[in-house]
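Q: So TrEMBL has the following annotated:
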DOMAIN    28-109  domain 'Manganese/iron superoxide dismutase N-terminal'
BINDING   H53, H101, D186, H190  Mn(2+) binding site
DOMAIN    116-219  domain 'Manganese/iron superoxide dismutase C-terminal'
Amino acid sequence: MLCRIGQIRRCAASLSQTLNLVAASRQKHTLPDLTYDYGALEPSINAEIMQLHHSKHHATYVNNLNVTEEKYQEALAKGDVTAQVALQPALKFNGGGHINHSIFWTNLSPNGGGEPQGELMEAIKRDFGSFQKMKERMSAATVAVQGSGWGWLGLDKESGSLRIAACANQDPLHGTTGLIPLLGIDVWEHAYYLQYKNVRPDYVKAIWNVINWENVSERLQNAKK
């Protein structure tokens with residue numbers, strides 16, 4: 001019996017060491033580089049907004065996510081469930097901010113705009129009637145977000161259909177609705193206020209001119225695998 005207790009203790013100690021090594025070796029999240037210059041999306045989104053949005057706001061989410069994850073690993077190692085629960089809102093907010101913005105930058109392109117092609121266009125026509133109707137519905141849902149949040153076009157993998165959704169704050173689409181994100185429009189004021197002031201509809205109308213439909217199509221293909 002004592003031998004078995006000793007084995008259990010040694011196993012627990014070994015597991016704890018392994019968890020600590022995993023935590024120590026975990027790669028930190030980093031701010032993704034943009035594939036275009038800050039001024040490349042003008043006149044739809046000006047360079048000052050892009051520079052602040054990417055290098056300041058997104059960077060803050062990344063930094064805070066790394067700090068929060070370190071604290072969470074410490075709480076896990078100590079078995080401190082109370083601390084783990086207390087850190088959940090910060091993980092959701094900063095993790096969601098990092099996830100959402102990492103999608104957002106790739107959804108935009110200086111060569112964007114126009115209409116999607118191929119399977120994505122067919123799916124849009126099937127689920128919304130036409131591309132124009134999808135734009136109108138997504139624009140309306142995005143403009144209607146109360147306070148800060150996001151408008152999304154996502155894939156319901158179970159039914160195979162495209163759906164429009166809105167998420168508050170930095171809530172990630174997949175984690176909160178189960179939909180796989182294809183296209184996101186950020187309607188936090190830092191995404192548009194310096195250029196569009198409080199006229200959110202004008203910003204949402206303009207952003208369609210720089211949507212990277214190739215990226216959205218690629219996301220649809222990957223989501224269906």
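Each position is counted from 1, following the chain as shown.
Here the Cβ of each residue, glycine as well, is placed from N, Cα and C on the backbone.
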Q: Which number gives the other C-beta atoms within 10 angstroms of the C-beta of H53 (Mn(2+) binding site), all protein chains shown included?
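A: Within a 10 Å radius of the Cβ of H53 (Mn(2+) binding site) lie 22 other Cβ atoms.
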Q: Taking each of the binding-site residues H101, H190 in turn and counting other Cβ atoms within 10 Å of its Cβ, which one has the fewest?
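A: Fewest other Cβ atoms within 10 Å, among the binding-site residues H101, H190, is found for H190.
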Q: Across the domain 'Manganese/iron superoxide dismutase C-terminal' (116-219), what are the DSSP residue counts per state (helix, strand, coil)?
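A: In the domain 'Manganese/iron superoxide dismutase C-terminal' (116-219), the DSSP-based counts are 54 helix, 24 strand, 26 coil.
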Q: Taking the Cβ of D186 (Mn(2+) binding site) as centre, how many other Cβ atoms lie within 10 Å?
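A: The answer is 25.
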Q: Give the sequence-ordered set of same-chain residues, not counting H53, H101, D186, H190, with Cβ within 8 Å of the centre of the Cβ atoms defining the Mn(2+) site.
A: H54, H57, H58, F104, W188, A191
